[in-house]
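Database features, via TrEMBL:
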- 47-67: transmembrane segment (TRANSMEM)
- 79-102: transmembrane segment (TRANSMEM)
- 173-193: transmembrane segment (TRANSMEM)
- 205-225: transmembrane segment (TRANSMEM)
- 245-265: transmembrane segment (TRANSMEM)
- 272-289: transmembrane segment (TRANSMEM)
- 295-314: transmembrane segment (TRANSMEM)
């Protein structure tokens, strides 16, 4: 009887050991799966970060070159209104985000409508938060046009040999003040928008729709205040051609890319991307268009920007052969 009891005790003990061993194995396998999922997520985040930054550099470079060329063409008619281009780019950006959300809901109109109603209309305080960066970005665009009106063509590096058409001549000090104020407002809006994007569960596309609603309203106000007389005489699309529409599309794409960069990277890297695009567009102007001659100060500044970008994005690897004491 004692032998049977001892045998049953051993069998029960063996089952307990096997259960513990299997539990430990499952635990380690679960940890490995969690580590694998975390590694995959980190890798995808790094890929999206680099991809969005690269696209932003290319988009900004193309926008600078196209906008410069479109604003300095020889006069063959009325020059397109910058305020109308800003308005159309905001509307196009918003429509693009609406199509993306429509696709995410499997092209079901009712589901898309209910989602927008829930996230935008039924949460007015959350939506109103986007009015702040929208107003600042609109102010920034207006300040840049004020700067363009008060700084001479040489300061803006218009192409040599072409007919530059500044809107008006004014005080250079006013233009420089407008540029500085635009820089400060852009920095504040970028940090504010980054806080909103990373502090909520809403998608980048939904946030861009909210931004587009306020941005379109503020841009429309800008059209009515600055250019209503010209719009009343010749229409909103006066002076538009294929190059103008390219500028509008690039501006709309830029708003989406900036939001993606802020979402997956940060506002500081967005500033570096913008600086790199300035360097790249200047080099293209020098090598292909031959309308820009880099000075020593420009060369030093370009090297500093490139070096700062790599230093900020560099992540040193920890040595794997550490000796534990």
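Keep in mind that glycine also has a Cβ here, set from the backbone N, Cα and C atoms.
What TrEMBL says about a protein is an automatic prediction, not a curated fact.
Beyond the ends of the transmembrane segment (79-102), by six or more residues, the same chain brings 70-71, 109, 112, 115-116, 138, 141, 145, 165, 203, 205-206, 208-209, 212-213, 215-216, 219-220, 222-223, 226-227, 230-231, 236-241, 244, 247-249, 251-253, 255-256 to within a C-beta distance below 8 angstroms of the stretch. Using a Cβ-Cβ cut-off under 8 Å and counting only residues 6 or more beyond its ends in the same chain, the transmembrane segment (272-289) has close neighbours at 53, 56-61, 64-65, 157, 159, 261, 298, 302, 305-306, 308-309, 312-313. Below 8 angstroms of C-beta separation, residues 243, 246-247, 250-251, 253-254, 257-258, 260-261, 264-265, 269-270, 273-274, 276-278, 280-281, 284-285, 289 of the same chain, each at least six residues beyond the ends of the transmembrane segment (47-67), sit close to that stretch. Panel annotation: around the transmembrane segment (205-225), residues 81, 83-84, 86-87, 90-91, 93-94, 97-98, 100-101, 104, 116, 119-120, 127, 130-131, 133-135, 137-138, 141-142, 193, 196-197, 231, 236, 255-256, 259 of the same chain, lying at least six beyond its termini, place a Cβ under 8 Å from a Cβ of the stretch. Cβ atoms under 8 Å from those of the transmembrane segment (245-265) belong to residues 45, 48-49, 52-53, 55-56, 59-60, 62-63, 66-67, 70, 85-86, 88-90, 92-93, 96-97, 190, 193-194, 197-198, 204, 207-208, 211, 273 of the same chain, restricted to positions at least 6 beyond its ends.
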